[in-house]
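*Asks:* The structure that follows is given in the form of structure tokens.
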Amino acid sequence: MNVLNEKSLTVRGKDRYKSGVMSYKKMGYWEPDYTPKDTDIICLFRVTPQDGVDPIEAAAAVAGESSTATWTVVWTDRLTAAEKYRAKCYRVDPVPGAEGQYFAYIAYDLDLFESGSISNLTASVIGNVFGFKPLKALRLEDMRLPVAYVKTFKGPPTGIVVERERLDKFGRPLLGATVKPKLGLSGRNYGRVVYEALKGGLDFTKDDENINSQPFMHWRERFLYCMEAVNRAQAATGEVKGSYLNVTAATMEDMYERAEFAKELGSVVVMIDLVIGYTAIQSMSNWARKNDMILHLHRAGHSTYTRQRNHGVSFRVISKWMRLAGVDHIHAGTVVGKLEGDPLTTRGYYDICREEHNPMQLEHGIFFDQNWASLNKMMPVASGGIHAGQMHQLIQHLGEDVVLQFGGGTIGHPMGIQAGAIANRVALEAMILARNEGRDYVSEGPDILAKAAASCTPLKQALEVWKDVTFNYQSTDAPDYVTTPAVA
């Protein structure tokens, strides 16, 4: 039931097609009695109207401008199944604790969208409408994607289960590190970082988002040194290792060339950045599927439209799009690290990545039930300002199916890179052992780490160096229905 309970004002018959301007709610974009079909795509928008603009008219305008409307009545509407194709705003609620903001629920007929195309989907729901003058701000908070639509996508090419089988690693989070500094190293020194980190016990190393092919290190040079390091580390440890080789480039032809070279060298994983765009992401997903390659996505650029609470696109929506588009890894927040990440909201992101079905959970920012129709699961990645002393918190908040990326927390270790990797691996193994023994690893976490450090100098050093490091700031994007406590 609408909190703003205004009846339908739709004008029908010959009056609907008189020349001139008609309000959106009279044109049929406000239908409070509409019951969404199982096949409808539903969007939840946070609408902030300009002062003096009726919130229902603003919500109806969002529905209209993201589907079939233009600024005036057009006679060609009579040549279409207008009643079917018009998006329908059927509910408008004030946002709790946010004066002047409203949640607008809008249903779209499935036939408005091309099968299996994120670019087409986004061209409608985040196209022109975000620049509409009657709105101060607009944010796409969540979407319900019907099974009929989900099934038109291929999803992640590898998935969590097959990735673990390929790596032969089960029962614990995977460990990684982003090579630092992200820019400036020569290929040889870059490869040395990779080798020491993997030999010390990490499962993966990673290129950062902006390392592509620069004067100080050509991409081919980096790939060669990285894969030499991976192969030597595998031989030394007897474990399957990998390094996320960033194939992001100026053109698809360049990206395919780099990905093919990574495959020739024996890499199990390639990496792309979110900024390459939705079509390029889906294209690389198709390549990864054909070539049995894990596809890692760095969410570079996402905060330009996910960070602000009243305008843009929520990261939970980006996560849904990326699961459809088909990536195996996606950076999804750390809770305790240096980057934005409310605990409950981040849990919602992780659930979207890893669950077969997401029930509505307002406390996690999830507004709709979502059936993933057997699409593979994505492995979330936690990266940014985390270290071994937080291991119990990371496992508590993020669970087991996650890649924990300790970049500075490995490479910044006072005893060196390999020691940093050892510290992280020992901390993880100690915490997983305590968990499997049934201990309260969260409350006992510091003691568990201290005991492990007594026989592991690298871990002892890590705990000493980073013992006071926290990033305890108020989150800017928290659930609207729950007050989220700060993370210690």
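Cβ coordinates are placed from backbone N, Cα and C, and glycine is handled just like the others.
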*Asks:* According to Swiss-Prot, Asn128, Thr178, Lys182, His331, Ser383 bind substrate; identify which of Arg91, Arg299, Arg307, Arg354 is listed for that same site.
*Replies:* Arg299
*Asks:* Between Lys182 (substrate binding site) and Asp208 (Mg(2+) binding site), what is the CA-CA distance rounded to a whole number of Å?
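*Replies:* On Cα coordinates alone, these residues lie 6 Å apart.
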*Asks:* Check the Cα-Cα distances from His298 (active site, proton acceptor) to the recorded positions Lys180, Lys206, Glu209, Ser383 and tell me which is shortest.
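*Replies:* Ranked by Cα distance from His298 (active site, proton acceptor), first place goes to Glu209.
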*Asks:* Of Lys206, His298, His331, the recorded positions given in the record, which has the fewest other CB atoms within 10 A of its CB?
*Replies:* His331
*Asks:* Tally every other Cβ atom lying within 10 Å of the Cβ atom of Lys180 (active site, proton acceptor).
*Replies:* 16
*Asks:* For the C-alpha pair, I'd like the distance in angstrom between Asp208 (Mg(2+) binding site) and His331 (substrate binding site), rounded off.
*Replies:* 12
*Asks:* Could you check what DSSP calls Asn128 (substrate binding site) once collapsed to helix, strand or coil?
*Replies:* helix
